[in-house]
Structures are given as C-alpha cells and as structure tokens.
Ligand SMILES: *[C@@H]1O[C@H](CO)[C@@H](O)[C@H](O)[C@H]1NC(C)=O
C-alpha cells in the first residue's frame, strides 16, 4: 500500500515542476516548519498567512528543496503533499528508515499577480567576463529608485525574451531577494545574456515622492563617505521618511554613483549609502550625495495640489518652484521637502533614466526640450505649512514711479506695519492694486518669495515698466494664535452663498471682532483650511471678512465655511480678554470695513439681533450694510453703528439710508490669547 502511494506522489511532484505557462515569476524560498514532530509541513495556506502579500493565493507551480539546496526529488523522501494548490508536506511516519529532511519551497505565480507591481526589465551586465550578473544589489546601484529593496518575485528571460526557469538550469543566483547570476564556468558553453524584472510590494507602486539631496559626509574623514539613513534622519529631522522605498546616490557634482568605478559597502534604502576608501583598490571614494523616495503615507501628510503652469511647447516644460510660487501664490511652501512628477495623464516620471534638467523639491521640475511631455508636479511641505495659516491684509508701500520699480520687501513692510505682519511668513501673494494677479502682468520679478517679499525693477521689463503691486502674506499658526477670536459660522451656503463678512459678523457676534482684525483664517466647518488663492472667493480679507458666492463656484455650490480673526495684540485687546477686571476694553474708534451687500435671507438675524427699527424687512429685498463701527460707551458696553441702504425698489419698507445702533454687552465673551 505504501509503495503505491509513493509512486503516485512522485509522479505528481515531477509534473508540477514543469509549468505549461511560459510565466516565470518566482517567489523567494519559504521555510515555515522543520521535520521535528510529525514531519515538515510547508502548506500553502500557512505560508500565505505567515507571509502576507508575498505569495500569490493561486500559484501555478511549486518547487521544494532541502534547506541546503538539494532538490526534493533526490532526497529519497516520500511526500504526502507536493502541489501548487496545497503546498508541501513530508510526514516522518511515511518514510522508510530515517525521517524527513528540512525543506524549503517556492512558487511560480500567475501573470495577474506578478503584474500588479512590476519593475521594468533590467539588463545591466552581459555574459563577457565571469558571467551575467543581474543581482539585486547591483541593479539597485545601476537603476536607483527603480527597484524595490525587497522584491517579492523575480522573472528572468534571455534578452530576446525567452523565459528562463531556475529548475534544470544551473544558475548561481535566482531569487527575488538577491536577483540573478549566471556564472560562465558553471554552464555548458557559457551563459547567455539575460534580463530580469521584479515584482514589488504594492506600496512600491503607489505614488511616491522624492526628497532633496543630502550630503552629510565627505571622503576625507573617517576613511570614506557615509550617508547612512540613521545619521541623516537625526541630522535632518522631518525631511526624510523613516522607511524610504528607494535611494539614489550621485557625486556632489552630479555623476551617477554607478559610473564612478567605486565599490560600495552599502547602497540600499533601508541602510543608506557607504563607500569605504580602503575598498577602492588604491583610489579613494568620491564625495557623494543621496536622495530617497518615500512612501505615499509620508508624502501625503502635507501635500500641495498638482500644478501644471507650463506645457512643453517652446523651450520645454518649466514647472520650477520660483515660477510656481508666482503662478500659484500661497499654495506652495518656500522649502518643500519632497516632489512628485507625473505626466498630465498621471504616469509617474522618476528622475533616473529620464534626463530632466531640474527635478528637486527645492527647485521644482524642468524638462528641457527634445521630446518633453506635458508634466504636472506637486510638493510635500513641512507640517507647519498645513496647519492653519492666517492671511494678512494687503500692503502697498511703494509705487513704480519712484526708485526705478515697485518694491514690497518684507523688511521694509515689517518696519512700516509693525505688528500687522508676522516676521516669518509662510507664503506671499502679489497683485496689482486693481486686483490682477502678478503672473498675468507680464512683469519679471527680481524677488518674489515669502522670505524677501517682492521686487519688480523697471529696467528689467524690456522697455515696459512695472505695475503697481500690493502684497499679502500667510502667517504661521504661532503668530495667528497670539490673539485670536473664536470661530464664527453665521451663515450657510443656501441662498446666494456663504456670507461670513466682517460687517455681518460684527452684527451677529459684536463682541470679539469690534477690535480691528489683522489676519483671517477660513476653514470648512469640517476644518479643512482653505486659502484665498486656488479658490474663487468673492471676499477673503481680515478687514472685510469672507464671502463665497454659489454662482462663482465650479459646482455651483459653496461649502459651509467658518472664519476667525487674529487681532492686534494691544493693551485694549488684552484687557478685553480679561474682562473680569471690569476695565474698559477699547478706547479707539475702529475703522469701518467696506460696504457689503446683505441678501435678504439674513433678515432673521437682522430682526432678532440688531434693529428694533426694522420690524418687517421685505422678503425680496437686499440691504446694503456699510460702515459698521464699534464705539465704546462705558464699561463693557459699546455701540455698533452701520449705514443701511435698501437695494430693492419696494418703496414702503425702509428709508433709503438709516443709521442704526445697538448696545452690546461684553461680559462673558470668549477670546483666546
Ligand atoms: C528669495 O528671493 C531672494 C531674491 O531673489 C533670494 O536671494 C532668496 O534666496 C530667495 N529665498 C528663497 C528661500 O528662495
């Protein structure tokens, strides 16, 4: 009986080694069990659950060897199970004398699994010399960023495309974790020329971003050049992900590491890079810099939108950071920590293998000529950039008729408008004083960034002169929060839109905003920050508040927004915050904000909260409310004055212009300092 079983099992085993498919996507070896106890069990279900993502659920072939590399068919053992659907089992009790050997197994997987995340084909070597070496460590050096550090499967083919399987060939290395090597001396008639490709974990094929270059060491110290990940993570906190997917090394002058002739001790994304002088056969290591690709979850922590400011006509496709800051003000940080580039149809474009003139988070991207496609870029910014930022009012300190141009430099503005601008803005936006975005004027800027401000020099304009510009800034959380009101959400987007204007807010919530705001923050009510640029908002200004008009939106509907203000830190404001002291909160008359139109759906608030005089506002009228001001009366009490004009033609409702007022009690108001 047992010899019958033996015959069947061996026949099955031999047939499974030969796959009818010409696929050759082969996993690494797995050794789950050892032969102690009942025997050696390498069952597929166990292996799939203990090695998640590393084995296809439906292999088309299986191969078993002893852990020292002897094919299973040569051990004399009888196998209980040996097929790709169930896996492998050798039961000690079935063996004639002695027990089972210790086995490892690997699988051939079907095309659909292999192709989920596959690298290109690589052919870095040819069989001249000792043989054809397509090992993973050498491929990582020759094709940086293009291979994952821990592939889950490998395919090998001759360069003419014939798949080559490991079984029956005497290859020195054939394994996804090590790559492939064919040694001439081990082959009858020498090696052919092979190419390899790898199947990578899914995370490798998700979007990934590329860091800037880091150069922490040079070859004159410590016997070589080390750019190890642990060291770089400590030296540049927040600028590199903990678990890079790829690494690229170049000399500081930009030569790819694979062309220097140096031999590397370490060159992989988990450990980093190291070149040791003593290993260079008399020479020394070059001075290297390294950069990394990082996984989606790190890139996406604080990411800009995609930008596509140029197309490849003309000299090429220029998506450089300095031009993007002008074209998309406030939306890019000044010092991005990573960049992603894809074609506009979404195909990722990695730097190696593509000759791009610029590809760096600190400089952006440029493809110069030849056959550039149309690319888009986005950046990963430091986390501070994605925390709430407040937006200042516009400043216009200069005009183009004096001093040969229009300069709105930060240092000058800071001295003129002390306390109205943070010393370290995160973003800057420039427009002409009539509201045209700076990038549309055709002017060339000497400076345009949040650290310097803007400067337009007449002499650089090719005959024309500079427009008259105004600038505003976004400021960091710590500045905005020094003296900040609570959030206001007085309207929702039904009707004409979401009106959170300052005049209306003063009426609805008179207390906190009677002081003069110096900055404004806007978020959706679900707390997603929104900037004035890149959105089509009618009003976004600390002196006027915020307005989103439904008709002006792409989808025809505004979201529901809330606003808060940063107030000038003044004696009055801080006294006001400590209202328990009973002191008067403000001694100044506040400058009126500009006029705003109130659609009639504001009438409820109007009626309840403001004016006894307007008892029956018309249902189809609009009211123009303007020049609201706060005036201090006595302790904790103030008066709000506004001008109201009825915009409809209904004659019976209101006098055309009404001064209105209301007493406001300031006790118990919340304000943060
Ligand atoms: C800002 O612009 C000035 C003038 O063009 C330049 O010197 C400076 O390096 C720029 N700063 C940054 C962070 O790009």
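Keep in mind that glycine also has a Cβ here, set from the backbone N, Cα and C atoms.
Here is what TrEMBL says about this protein:
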{"type": "DOMAIN", "residues": "27-109", "note": "domain 'WxxW'"}
{"type": "DOMAIN", "residues": "119-200", "note": "domain 'WxxW'"}
{"type": "DOMAIN", "residues": "211-294", "note": "domain 'WxxW'"}
{"type": "DOMAIN", "residues": "304-381", "note": "domain 'WxxW'"}
{"type": "DOMAIN", "residues": "392-475", "note": "domain 'WxxW'"}
{"type": "DOMAIN", "residues": "485-565", "note": "domain 'WxxW'"}
{"type": "SIGNAL", "residues": "1-23", "note": "signal peptide"}
Q.
Out of 27-109, 211-294, 304-381, 392-475, 485-565, what stretch is closest in contact terms to the domain 'WxxW' (119-200), meaning most Cβ pairs under 8 angstroms?
A. 211-294
(Q) At a Cβ cut-off of 8 Å, and with pairs 6 or more apart in sequence only, do we get at least 3 pairs between the domain 'WxxW' (485-565) and the domain 'WxxW' (211-294), yes or no? (A) no
Q) Which value does the mean pLDDT take for the domain 'WxxW' (304-381) in this predicted structure? A) 92
Q. What are the helix, strand and coil residue counts for the domain 'WxxW' (119-200) according to DSSP?
A. 10 helix, 27 strand, 45 coil
